[in-house]
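Below is one structure, written out as structure tokens; comments come after it.
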Amino acid sequence: MENDYLLLTPGPLTTSETVKKAMNKDYCTWDDDYKIITESIRSSLLKIAQVDPANYTAVPIQGSGTYGVESVISSVMPEDGTLLIAMNGAYGERIAQMADVYGINHVDLKVDEQQPVTAELVKAEIEAHPEITHFAMIHCETTTGILNPIEEIIPWVKAQGVVTIVDAMSSFGGIPINVQELEIDFLISSTNKCIQGVPGFAFVIANKLILKGTKGNARTLSLDLYDQYSEMEKNHGKWRFTSPTHVVHAFAQALTELEVEGGVEKRHLRYCENQRKLSQGMDKLGFKQLIDDEFQSPIITSFRYPTDDFDFSEFYQKLKTAGFVIYPGKISMVPTFRIGNIGEVYDKDIDSLLGAIAKISNATV
Ligand SMILES: *Cc1c(COP(=O)(O)O)cnc(C)c1O
């Protein structure tokens, strides 16, 4: 069964045939064979995160990426803590929404959607609010495709004694991140982004010492991060509650394929080349990149509408018929659409996409 189109959406994304095939069986959720696979996934994730397993652990959580972020926010924050949230897009705002749901004190650092969060802004906020105990930010804000400079911000924040949380959902596995060196205490990502698996669970790379200190803080049962960790440790890879068995097998296969490709460094290069080729080609066709090159991620690119009367839904439908699915824009200020470069997407695919867009644009002019 061939796919009808290439997904140029940053998750779910286009997966390999072999990742899809790994789901072609029914698997038991609690026996030793299965627990061994879960344990091998956890240890691969620690390698990708460049951390010492003595100090860090990887905890999978059933659900989409948001469930992973919500698991951290609802399980880690103590009752009397205050969370600083840096936001320049929808995913930062979503964390503030979670804090509201749980009645968690939070300070919001709002930054223009087209600009990165900077160290200066974060420093000023932390100095102005000595009550801040925890800090959360987004690495690649998928809303626009902007890359926030975690390496300039997180180590300083941690040095102030503040616990650090990074939503690296759309970057982990596609951009090298040294979690230990940066002193990220909780990093969240999911199966269906740069590791190129199918949707079904999120995972948290957690500083063990800090995680252990959160025991009893959880505000829900099913998203209790400490409890999931504790069960995984006690029972060597056993999930609490039914796990997405097919997704887990597909993810194990995707991790193998990441290694075969040459690891995160190589994948990062491929994504960067995809992005560069896409952006240069689109520019020639009259579609301008929204974010400055300096802050543009290799994950997803926002393009401004070329004209005031540009009909996105017509453009979208024609591209879909030509075999490519793209994303609408997600920001309020400027009309844009987005194209993802992650997944099983190569140089030749970008060429074909640009060819299809050239045809469609000429036809509509
Ligand atoms: C995809 C994504 C999420 C999670 O979205 P889900 O739809 O719940 O998987 C969170 N943060 C960022 C930055 C993302 O790109």
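Please read every residue number as a count from 1 along the shown chain.
Placed from the backbone N, Cα and C atoms, the Cβ positions cover glycine too.
Going by TrEMBL, these are the annotated features:
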DOMAIN    55-338  domain 'Aminotransferase class V'
MOD_RES   LYS193  N6-(pyridoxal phosphate)lysine
BINDING   ARG338  substrate binding site
The residue listed as 'N6-(pyridoxal phosphate)lysine' versus the residue listed as 'substrate binding site' - Cα distance in angstrom:
16
Within 10 Å of each Cβ, count the other Cβ atoms, then let me know which of the recorded positions LYS193, ARG338 comes out lowest.
ARG338
LYS193 (N6-(pyridoxal phosphate)lysine): secondary structure state under DSSP, collapsed to three categories:
coil
State the mean pLDDT for the domain 'Aminotransferase class V' (55-338).
97
